[in-house]
Amino acid sequence: MEGTDRLFLAIHLPDTLKNWMAYRIKLIEPLLLFQRWTVKEDLHLTLLFIGETQQAEKEVLKEALVTFTKAFDQMTPSTATSPLAATSVHPLEHMSIRPFVVTLSRTLGIFGRPSSPSVLWAGIDSSPELIALQKALTDHLRHALPPSFVERIQDLSPKSRPYQAHITLARQYRGSTPLDALKLEEASRQFFHADPTLRLDELRWSVETISLYRSHLGRRPMYERLASYSLAM
């Protein structure tokens, strides 16, 4: 859409993890015939897809993100009783968010039809902090953004799918035959388990910021990080 930016919110990955994942992607590319593989610079953990956004709306969104993170910077240590806690009074009342750790789950998964998936992804271990962060962010933006803007953001709809944390590795299966589940298992093994020197700490990282990204369709790298907002108290 002319005069708009295609935006989303995500968690930035450390370079060491992106380098490791890019190397493993190259190992499994011959096994799984996907049309487009994610380049190293574009690896990220999505929180919320915003979509086409006008310039004035983008500024309102940025202000809402500043409000979201600044609320926690102003809290006293005595109110920060857990990594992330909230009440239903208002998305920002009595809530604290601090950096927390997430870990790759050592599994690959797919979205779409099993025989011809649209997305191949690496999973994230169950993280109450991550789920709560995404929910708090969603609730805050529903309150903070103009209703006409909120209505266009599918991920803010009450009918949106439950959040599933993942890192996209590839898109659009293009094989001439249906995707073989055994090949997916073999790719998962090669991606996570074929390296005997792999340490657990190489698959985890501390989430300290949320970032606003812009998509440039048809370009590689495709994603541009516009701004980051600290979760640190």
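Here the Cβ of each residue, glycine as well, is placed from N, Cα and C on the backbone.
A TrEMBL annotation is a machine prediction, not a hand-curated record.
Per TrEMBL, active site, proton donor is recorded for H44. The Cβ of H44 (active site, proton donor) lies under 8 Å from the Cβ of A10, I11, H12, L13, I167, S211, Y213, Y223, each on the same chain and at least six residues away in sequence.
The annotation active site, proton acceptor is assigned in TrEMBL to H166. In this structure, H166 (active site, proton acceptor) is part of a beta strand by DSSP.
Per TrEMBL, motif 'HXTX 1' is recorded for 44-47. For the motif 'HXTX 1' (44-47), the residues of the chain that approach it from at least six positions outside its boundaries are 8-13, 102, 124, 133-134, 137, 165-168, 210-211, 213, 223, judged by C-beta separation under 8 angstroms.
TrEMBL lists 166-169 with the feature motif 'HXTX 2'.
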